[in-house]
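**Q** Quick one: the structure is below, questions incoming.
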Amino acid sequence: MRNVRAFQALVVLSALIVLTTGAMDVALGTAPLPGGDAVPVNVDSNYRFFAAVWLTLGVALVVVAVRVREPGSVPLLRLVCAAVVLGGLARVWSIVVAGVPDPMLLGLLGLEFVLPPILFLWHRALTRETAVPVSSPSAAP
């Protein structure tokens, strides 16, 4: 039970960060980013769209935290983790084609590769601990 509570606390903390930054990015666009105050309108539009997707991942994390022991939380957390790692890979591609971003964004890149595997593996261990064995159907006589 203690591990479940600690896992839920980490997921809720992650969700709050994602919800806050997602809402801020939808509302303010790129302005809070280093060098983000003057971007073309198409970049702003695209940024706010993906900020809304990020915000939605925060909602999904809340669902995972609330329903941590339910089987449906497994694919949802996998989807969120995969999306965040894929976002990290997109940042790496940006470094290759456009150059190294601000150190703040490099820090986020590190989190995008570290936190999802931790959440995934921890959740998998928790769901295995609490799994109820499925009885096999009896063979017909």
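Cβ atoms are placed via backbone N, Cα and C, with glycine included.
Take a look at what TrEMBL says about it:
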- 47-64: transmembrane segment (TRANSMEM)
- 76-98: transmembrane segment (TRANSMEM)
- 104-122: transmembrane segment (TRANSMEM)
**Q** If we skip the immediate neighbours and take only residues 6+ beyond the ends of the transmembrane segment (47-64), which ones have a Cβ under 8 Å from one of its Cβ atoms?
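**A** Tertiary neighbours of the transmembrane segment (47-64) are 11-12, 14-19, 21-23, 25-26, 29-30, 39, 73, 76-77, 79-80, 83-84, 123.
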**Q** In the same chain, which residue numbers or ranges, 6 or more beyond the ends of the transmembrane segment (104-122), come under 8 angstroms Cβ to Cβ?
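**A** Cβ under 8 Å, 6 or more out: 3, 7, 10-11, 14, 33-34, 77-78, 80-82, 84-85, 87-88, 91-92.
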